[in-house]
Each structure stands twice: as C-alpha cells, then as structure tokens.
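**Student:** Here's a structure for you.
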Amino acid sequence: MEIILGVAMFTGIVMVLVLLILFAKSRLVNTGDIAVEVNGDLDKSFTAPAGDKLLNMLSSQGIFVSSACGGGGSCGQCRVVIKEGGGDILPTELSHINKREAKEGCRLACQVNVKQNLKIELPEEIFGVKKWECEVISNDNKATFIKELKLKIPDGEDVPFRAGGFIQIEAPAHDISYADFDVPDEYRGDWDKFNLFRYRSVVNETTVRAYSMANYPDEKGIIMLNVRIATPPPRDPDVPPGIMSSYIWSLKAGDKVTISGPFGEFFAKDTDAEMIFIGGGAGMAPMRSHIFDQLNRLKSKRKITFWYGARSLREMFYEEDFNQLQAENENFTWHVALSDPQPEDNWTGYTGFIHNVLLENYLRNHPAPEDCEFYMCGPPMMNAAVIKMLKDLGVEDENIMLDDFGG
C-alpha cells in the first residue's frame, strides 16, 4: 500500500510540474502569428510566426538589413527603429546605441526577439538590397594570407553599389580542412612554419559576414573581395579558425556563392578637399575601390595620395595597377612602407609602420592637414594609431572616415 501511495504521490508531483511548465510556456512564449508593420506601408508589412529574431524575420521576407557580424550583436549595423512592441532594450545593444537613440526607439534587429505585434521604421535604401547566387570566377592568393575572390553576377543582373560599399556573403554549414587549401609554393613556407594546414573549420549552421568590395562601379558584372585568412592566434591555437574566411579560402572556380547587398557608409565626400588614403592588409579592398573610382570613373582632379603598409614585398599586391594610375594621373601618388623587409626584397623605400611614415614624410610638413579628408582601412592597431596621429594634428572627426570591415 505504501509503495502504491508513493508512486501515486510522485506521479502527481510530476503532473503538477508539467502543468506549471505548460502554463508558463503559454504565458511567456507566443506561438501564434504576429504582424510587423513596416514604414506604415501595407505593401511592405507582413505576418510571421512569433519567437524569431527580427533580423531573421526581415530576411525571410526579402528585406536584408546589414549585419556584418551575421547577427551576433557585435557590429551594431542592423539598426532599426521600433515604434511599438519589441520590449525593453537589452544590455547587448547599449554598447552600440546611446540613450538618445534608445529613447527614439533605435534597436538592433538581431537582438529583438519578436513576441508581439511590431511597428518598425527602416531606411528606404534597404528595399534596394537584393540577394544573388554568384559563381566563383577565380580565388587566387595575392599575398601569403590574402586571397582575391572574384565572383560573377548572374547574367542580366546588376549590383548598384558605390565605391567603398560592401556585400554580405553566406557560408553554409561545412567541415573544411586547411590541408585542402590551394596555396601556391611561394607562400607555403609561412604556412608550414606556423603549421596552419592542421586546422579545420567545422560549422553546423549558415553564417553571414560582410566584406568590402575591391572593384569599383565601372567594373561591372563582378564582385571582387580581398579576404585574409583568420587563423587562431599563435598563443591560443585551440581557438576555432574564422568561419567565413575558411569557407572563402576553400572556394574554387565554378562554385556557387550566395551574397546580398549592396550596403555601405564608407563613401567619399563630394568636395574638392585633398584625399589621403591609408591602408594595410586586406584593407586594400576599399582603398582600391575608392581610388579607381575617383580617377577612372569620376576623372577627379582632387589631390589624392595613397599610403599602404605591408610586412614585406611578398605581401604587396596591385602594384602594377597603382603604378599605372600614378603614371596616368598627375594628381595621384602612392607610397608603400614595409615593416619587415626581407633581404631578398632589396628594398630601398620607406620602412616602418605606415602611420609613422605618413607623418614624418608628408603630414608633419603639410600646410593644413586638418583640411584634408582621410580614408582608412586596415588592421585594428593600424586604425587606432592613425586616428591618434590625426587627432594630434588637429583633424576633426568629420574628416576621418574609417572602414572597419576590410582589415
């Protein structure tokens, strides 16, 4: 009898707990459809099942909001304005959204879990963003750790981007071995030295990342990217390698790749001010796009200089392109500084970090650096050093343009 009573009591407790969980779920989780009103326009508004992130909901409706980090909450790009619904702003959003913006309803779409009807506002240019399945034309090393990925846009399609813009690229779930990468012999020494071929990239879900374009608008029918492989830091080799760069480095001619865009804010100002471009590493991409656009498409007569930092001569690329531009345009000069030139380089040019070279060989004796426009893209340490140098010279924020994606 006692055993039967014990079993009955235990069963009763379990049933009560199950009922409590179901009750809580019914109150806390909205499982029905919700309505999302977009810009007060019925044609843009939609209904969708509740419970997903707003960024994903918009994407499923063909509305592609920029998200360089792929929805991780770290880039702060997927801003929307929520007029109704959405709940309270989350701590993860406050590093990107100030109090004034939060009061106006600004939110990060990747952080908003949709549980109720929403009224949102989006910039009109977002509705010009599209998605394409492209074909890989080529994927070649331009430096030891940088590939140039060239994609063919589908016939009859056009990506209406501006110089300095970027696209988002999708990496599917994958299991990629670095041993399968196509790395030319001239670059394999460093790969072997750091034992990089031992790595694998194993990912179980689709990932999205942003890359600045290296081509300019008159180079039609293609998208060209400069992609640096993101390997684990030497002191922490157990950190997983970069998801997207691993995927891109594995691509071969003929492969299909999904992109969306165009996006961007790193655009040239329409003024007559002198333009000074500063780049390093894969930050070459938007530099090339801007400079080619200014000189080849716009036929700009503005004074333009380009200062690029590389480790050694083997890490330099597009030299012939920029040499030709310099020969054809008297208003353009470009300069390279090597931080670690090798004996075989026989280098007689500038050495050291590019911000120091720029300061000592140009800006220190410039009559008015504060009147110039500075466009930069490179590794974080380079960007920080350049910005500090410019601030010390009295350059205002409005004349310092930074692309955080290309480096």
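Even glycines carry a Cβ here, placed using N, Cα and C.
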**Student:** Return the residue out of CYS106, CYS110 that Swiss-Prot annotates for the same [2Fe-2S] cluster site as CYS69, CYS75, CYS78.
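**Tutor:** Answer, per Swiss-Prot ([2Fe-2S] cluster site with CYS69, CYS75, CYS78), from CYS106, CYS110: CYS110.
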**Student:** To see if you understand the setup: which same-chain residues, six or more apart in sequence, place their Cβ under 8 Å from that of CYS75 ([2Fe-2S] cluster binding site)?
**Tutor:** SER67, ALA68, CYS69, ALA210, ASP404
**Student:** Hey, which of the binding-site residues CYS69, CYS78, CYS110 is the loneliest by Cβ count within 10 Å?
**Tutor:** CYS69
**Student:** Around the [2Fe-2S] cluster site formed by CYS69, CYS75, CYS78, CYS110, list the extra residues of the same chain whose Cβ is within 8 Å of the site's Cβ centroid.
**Tutor:** LEU55, SER66, SER67, ALA68, GLY70, GLY71, GLY72, GLY73, SER74, GLY76, GLN77, LEU108, ALA109
